[in-house]
């Protein structure tokens, strides 16, 4: 018979794999940003929230805080690198200097916060249990914030009736990630993992419902936008041809004026 620990380990490995693909799920979004050379209405909030989440969970997994958590360190360490790449791309292609400074300010604040938390925990808490409780509580808060960050995008979806700026791959990966980690933490109950991932699963379900509800209206809006662009090109090209025809008519006038008069 398979032991609960073996099942838990297997779920943990699956959770790491899914988390890795979750980190990669925004890649199509950033390819689109790269092609357009603009961030458009895409928000940096989900990536800033995920970066913060990875930073605190990496701290949680350190041997001096929560022993035997190497998988926590590896997947969140990878997450930190990936999220930083996304943020750098966002900074390159945002046209607003104010937004660029805001994003840089948030990243700096996150790094300072985690550094201060690390020093505080290692110098004032002298047991693994106390350290795990303090850092785990912080992880709980930021995990919830990470899963709640798409609420800003969900609000935009409801307002515009378009899911163009809510990537489907990100929502689906969030759902799978939430289910796996909730199951993992339920075997040996860990509230620091169960609560945020349970809420994350609920958030992802709401996103998928919105995607299903507004997918058709999104396609209709995209089609209308393309039609308007096509019509504008026709108008512009038609105007250019008209101008050329007018210019051609004017060019014949001097010819008739320079025609020598008939002799009587």
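We count from 1, first residue shown onward.
Including glycine, each Cβ sits where the backbone N, Cα and C put it.
As the structure is a computational prediction, the values presented were derived from the model and not from experiment.
The transmembrane segment annotation in TrEMBL covers 6-24, 45-65, 71-94, 101-122, 134-153, 165-187, 193-215. The annotation region 'Disordered' is assigned in TrEMBL to 243-264.
Sequence-distant contacts of the transmembrane segment (6-24), counting only residues of its own chain at least 6 positions beyond either end whose CB sits under 8 Å from a CB of the stretch, comprise 50, 71, 74-75, 78-79, 82-83, 170, 173-174, 176-177, 180-181, 183-184, 187-188. Comparison of 45-65, 71-94, 134-153, 165-187, 193-215 by number of C-beta pairs under 8 angstroms to the transmembrane segment (101-122) places 45-65 first. Under 8 Å from some Cβ of the transmembrane segment (134-153) lie the Cβ atoms of residues 43, 45-46, 48-50, 52-53, 56-57, 59-60, 65-66, 117, 121, 125, 165-166, 170-171, 174, 178, 191-192, 195-197, 199-200, 203-204, 207, all in the same chain and six or more residues away from its ends. Panel annotation: around the transmembrane segment (165-187), residues 4, 7-8, 11-12, 14-15, 18-19, 21-22, 25-26, 28-29, 40-43, 46, 147, 150, 153-154, 156-157, 193-194, 197-198, 200-205, 207-208, 210-211 of the same chain, lying at least six beyond its termini, place a Cβ under 8 Å from a Cβ of the stretch. Within the same chain, residues 139-140, 143-144, 146-148, 150-151, 154, 157-158, 161-163, 166, 168, 171-172, 174-175, 177-179, 181-182, 184-186 sit at least 6 positions outside the transmembrane segment (193-215) and bring their C-beta atoms closer than 8 Å to a C-beta of that stretch.
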